[in-house]
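As written in Swiss-Prot, here are the features:
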- 30-37, 148-151, Ile177, 185-188: ATP binding site (BINDING)
- His37: active site, proton donor (ACT_SITE)
- Gln61: beta-alanine binding site (BINDING)
- Gln61, Gln154: (R)-pantoate binding site (BINDING)
Amino acid sequence: MPTIHYHISDLRVALRPYRTAQRIALVPTMGNLHDGHLELVKIAKQHADIVVVSIFVNPTQFGVGEDFDSYPRTLDEDVAKLAMVGADYVFAPTIDEMYPVLPPPTTILAGTITEQLCGKTRPNHFDGVGIVVSKLFNIVQPNIAVFGQKDYQQLAIIKQLVRDLSYSIDIIGAPIIRATDGLALSSRNQYLSESERQTAPILQQELQYSAKQISDNKQPLEVLLTAAHERITSAGFIIDYLEVKTTELTAVDDESINNHQDLVILVAAWLGRARLLDNRLVTINKV
């Protein structure tokens, strides 16, 4: 079983012997772990000697009316799952341990990259992500950290944060893990009713179809995205966004599309109580 620490000072003492000759990996999570999280741990073990998994439902990244209070807390089950994949340490701090003052007087503002996509409807979300990830980096001082590519914008922001703040940490983006029907695994999938769960894979099917159309580059992006938006909406989703970006999350249009080898199509959509995220990388077929 992994060793559980609840206090910053205890975790630092536990990790001190490894810092000289061994590599430490961090896998930050909010708990309620599924196979996607466990895959992050497996990847971390391939790149490091010691794997630390943080489990902390971070209040600073939730907005008013979001699901902070109802977000599942399943620490005992999570630790049992982490034991099966060989995690070494679990860091499960309280809110008071992480934030002596809440909201914290110090903030991390990641700039314009946060103002698009999820940032449009969750305006303070990535500020909260920035502060908690920075704190975890300072507490654990890992050599590597592993994040899932499902949260594509978050991954891009964390890479920027590491670069801008000169952290000596290698960031690994892990591929999206999907259910057998293609739905991207997410802790919030459990909010789906039985009928909604049957509908949910349509989201990735539409992404896959649209990615192929973008790759072939045979019709304007606006036409393609409008048609996809209509199909997704008619299936019962409420779309937050459906956009095509460069892999660095800069804007792209029909005039500039051939300047890029790779793009990404990203979607966030509500289905009942569940806000689902997904994305697909797109390689442009050059004529």
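Every residue, even glycine, has its Cβ placed from backbone N, Cα and C.
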Candidate nearest Ile177 (ATP binding site) in space, where candidates are the recorded positions His37, Gln61, Gln154 and distance is Cα-Cα: His37
Local Cβ density at Gln154 ((R)-pantoate binding site) - other Cβ atoms counted within 10 Å: 22
Candidate recorded positions His37, Gln61, Gln154, pick with smallest Cα gap to Ser187 (ATP binding site): His37
Rounded Cα-Cα span from Gln154 ((R)-pantoate binding site) to Gly36 (ATP binding site), Å: 16
Three-class DSSP secondary structure - Ser187 (ATP binding site): helix
Those recorded positions listed as Met30, Gly36, His37, Gln61, Ser187, and which of them has the most Cβ atoms within 10 Å of its own Cβ: His37
Met30 (ATP binding site) versus the residue listed as 'active site, proton donor' - Cα distance in angstrom: 10
Cβ-based isolation winner (fewest other Cβ atoms within 10 Å) among the binding-site residues Leu33, Ile177: Ile177
Three-state secondary structure, which DSSP defines for Leu33 (ATP binding site): coil
Cα-Cα distance linking Gln61 (beta-alanine binding site) and Gln154 ((R)-pantoate binding site), given in Å to the nearest integer: 12
Residues near Gln149 (ATP binding site) in space but at least six apart in sequence (CB under 8 A): Leu155, Gly173, Ala174, Pro175, Ile176, Asn279
